[in-house]
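Q: To start, I am sharing the structure in question, which I have written as structure tokens.
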Amino acid sequence: MSELISNIGELMTQDGELGTLRDAAVVLEGERIAWIGPTAQAPAADTRTDAQGRAVLPGWVDSHTHLIFAGDRTAEFEARMAGESYSAGGIAVTVGATRSASDYDLTRLGLGRLAEAVSQGTTYLETKTGYGLDVEQEGRSARIASTVADEVTYLGAHLVPAGIDADDYTALVCGDMLDAVRPYAAWADVFCETGAFTPEQSREVLTACRDAGLGLRVHGNQLGPGAGVALAVEFGAASVDHVNFLADDDVARLAQSWSGWDAAALAGRGAGQRGTVATVLPACDLSTRAPLAPARMLLDAGVALAIASNCNPGTSYTSSMAFCVATAVLQMGLSVHEAVRAATYGGALALGRESGLDEDGARAVGTLAVGHRADLHMLKAPSATHLAYRPGVPLTAGVWREGVRKV
Ligand SMILES: N=CN[C@@H](CCC(=O)O)C(=O)O
Ligand SMILES: [Zn+2]
């Protein structure tokens, strides 16, 4: 089956060659994009959707979420709004609720959160374990996560649970727990921060997970300056996330990490030595009343940037990538094009999915080009500018995920 979407007022492809087109059309064939060009030259297709001048962009690629949890932390949020500061300790509250939940409930809750994200334009999503924190519960979380998300990250190193020595727990994360999640996860993450895992413990976790063949990610420099960014770059992590408190040499390291990357790859075609993406989490910064991550400065320094929701019950209970994009424009100094790029192509780059291999069916996400996965987001607006111009207004008019219309 093929579908022609015609009369697109603004088609923001985020592809380096195609750029942004006016009066455009896209043909979807099965799960892939088969054709892009002017509406006047569009080929026939089995079905036709008239975009009526609306804007179309790639579906959001949300590269950082924590959807496998039960319970909520309203009381902690209220205390924070009354002046308390965020600390990693709140994670334990969610661990308690998550451990008590049945498989059925955890799956239902995760799928519900995924559906909420898709209804707002997210078409590719990563999620993490990290609210189980023992061998059985982390294995269970990873298994359930693999039924909910496109990409699963093992975050046994989220918090040291009460009643166990931190080094003993780190050894467990690197041993039996890693074995339990390995069938379900392609990525591993560590919360390298005061109150969570020390740089030495983080190094152990990253080493063990790398040796087990997992791709790496790091929660770093969220609550204060620290070793997270340096470790992420040293280990060749795909992304370091939060990055609120950066030293000058952290920024230089991140920029330098992309020096072996061919510029054409930044147009979405990919070649050369990958670096470490800096993933900013604007909703988290607002919800924790933290200083906003310096996204403008990072871009100006030549760092590859992603924007993600960090949907979780503690620091960022939103699945709205549009809210994150609007915040990045209004408060972090990004242009609309830069913010949309970070929330689509940037997320794909942070997950190693920015380029596709037609032969094995792993198609590129985060950009619109022929052969890429047919993940599209149509707005109830003539341009993507409305995402920031009309913040908070639900602007999703249509969502296609792998060529199937979801909204
Ligand atoms: N910072 C560490 N982990 C999550 C928060 C988890 C929680 O508080 O439940 C984050 O990315 O913000
Ligand atoms: Zn997180």
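Every residue, even glycine, has its Cβ placed from backbone N, Cα and C.
A TrEMBL annotation is a machine prediction, not a hand-curated record.
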Q: For the 4-imidazolone-5-propanoate site that TrEMBL assigns to R73, Y131, Q222, T315, which of the candidates H158, H372, H377 is also assigned?
A: H158
Q: Do any of H64, R73, Y131, H158, H219, Q222 (binding-site residues) have a CA within 10 A of G314 (N-formimidoyl-L-glutamate binding site), and if so which?
A: R73
Q: Quick check: with H64, H66, H219, N310 left out, which same-chain residues have Cβ atoms within 8 Å of the centroid of the Zn(2+) site Cβ atoms?
A: T65, K128, D189, D241, H242, L281, C284, A308, C311, N312, T315, S316
Q: Say you check the Cα of H219 (Fe(3+) binding site) against those of the binding-site residues R73, Y131, H158, N312, T315; which is nearest?
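A: Nearest in space to H219 (Fe(3+) binding site), counting only the binding-site residues, is H158.
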Q: Over all pairs in R73, Y131, H158, Q222, T315, the listed 4-imidazolone-5-propanoate binding residues, work out the largest Cα-Cα distance in Å.
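A: Binding-site diameter by Cα atoms for 4-imidazolone-5-propanoate: 19 Å.
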Q: If you measure C-alpha to C-alpha, which of H64, H66, N310 (binding-site residues) come within 10 angstroms of Y131 (4-imidazolone-5-propanoate binding site)?
A: H66
Q: Of the binding-site residues H64, H66, H158, Q222, which one sits closest to N312 (N-formimidoyl-L-glutamate binding site) when you measure Cα to Cα?
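A: Out of the listed candidates, the nearest Cα belongs to H66.
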Q: For H219 (Fe(3+) binding site), what is the secondary structure state per DSSP, taken as helix, strand or coil?
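A: DSSP assigns H219 (Fe(3+) binding site) to strand.
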